[in-house]
Amino acid sequence: MIQTFNELGALREQIAQWKREGLRVALVPTMGNLHGGHHSLVTLARQYADKVVASIFVNPTQFGPNEDFSRYPRTPEADVAGLEQVGCDAVWLPSVEAMYPLGVDKTTQMHAPGVSEVLEGASRPGHFDGVCTVVARLFLQVQPDVAVFGRKDYQQLAVIRQMVAELSFPIQIVGADIVRDEDGLAKSSRNQYLSAEQRPVATTIHRTLLGMREGYVAGQARDRIEADATAALQAAGFQVDYAVLRTPELAEPTFDGGGRVALIAARLGSTRLIDNLEF
């Protein structure tokens, strides 16, 4: 039976017991409102550890002033039930007061320079400071041997890898493949905001990513690939934040050849969607 923890001392006591038994512990950080993509992270975590802890915390410090913090769905009972079905061992459900005892406005903030300041960081100033701040605290609270993050948030994974390397966290970071619906739309908690009319239009993002890959393989110039992608999204009704090709490290490519990642962030109505494709 899955264990739920609302108090840090009890969670740490359980984790200490597991470690005394020589068991490896994995952490899957989430903001709740879980779907099949989140469940796949737990399944992957079980390949790397004996015990899996999922955290559920809607983190206020990673939402901007005009973003959907208050609107973000809170479904803890359904989340815990779903986690139990996929073999999660424990769920950590901290309060805002437990995570930020000095208050959200007075808390010590983390910052990962460089990779956190482009793309999502430019569109959502301060977002990755909030991500780093909460993830570092979760690492200190749970002290996992491994942590699993989805590749759908490609830049977030890169930021966390940088933070872990720089601060020498003794934690293995694992990136999980994107889980998609049959029509290609990446699973996301924000998909539920899409209307019945918008839902099929949203698949344009994945088709556009595939087109960007085709353009790159065909030898098209990066500027043309990005311009064509932006135009395709706008024609479908999106407001585009970015549609870009980058190196795996998120730098602007300076030469042909090598791996690439295509990244898109675009708004359909009031719903902002992100996706990416590595090739």
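From the backbone N, Cα and C atoms, a Cβ is placed for every residue, glycine too.
Here Swiss-Prot flags H38 as active site, proton donor, drawing on sequence analysis. Look at Swiss-Prot and you will find 31-38, 150-153, V179, 187-190 tagged as ATP binding site. Annotation comment: Swiss-Prot describes Q62, Q156 as (R)-pantoate binding site, evidence class sequence analysis. According to Swiss-Prot, the beta-alanine binding site annotation covers Q62.
Known features from Swiss-Prot, placed on the structure.
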residue	record	DSSP class
M31	ATP binding site	coil
G37	ATP binding site	helix
Q62	(R)-pantoate binding site	helix
R151	ATP binding site	coil
Q156	(R)-pantoate binding site	helix
V179	ATP binding site	coil
S189	ATP binding site	helix
Check your understanding: Taking V179 (ATP binding site) as the reference, which of H38, Q62, Q156 (the recorded positions) have a CA within 10 A of its CA?
Key -> H38
Point to revise | M31, L34, V179 as binding-site residues, winner by CB count within 10 A | key: L34
Check your understanding: At the level of the C-alpha atoms, what whole-angstrom distance separates H38 (active site, proton donor) and S189 (ATP binding site)?
Key -> 10
Review point. Just the number: how many Å between the Cα atoms of M31 (ATP binding site) and Q62 ((R)-pantoate binding site)?
Key: 11
Exercise for review: Using all protein chains in view, find how many other C-beta atoms are within 10 Å of the C-beta of R151 (ATP binding site).
Suggested key: 17
Practice item. Provide, as an integer number of angstrom, the distance between the C-alpha atoms of Q156 ((R)-pantoate binding site) and S189 (ATP binding site). Key: 16
Check your understanding: What is the Cβ neighbour count of Q62 ((R)-pantoate binding site) at a 10 Å cut-off, with all protein chains included?
Key -> 21
Study note, to complete from the structure: Note: in the chain of G37 (ATP binding site), residues six or more apart in sequence with C-beta under 8 angstroms of its C-beta are G150, K152, I178, V179, A186, K187, S188
Exercise for review: Could you tell me which of these recorded positions, H38, Q156, S189, has the fewest other Cβ atoms within 10 Å of its Cβ?
Suggested key: S189
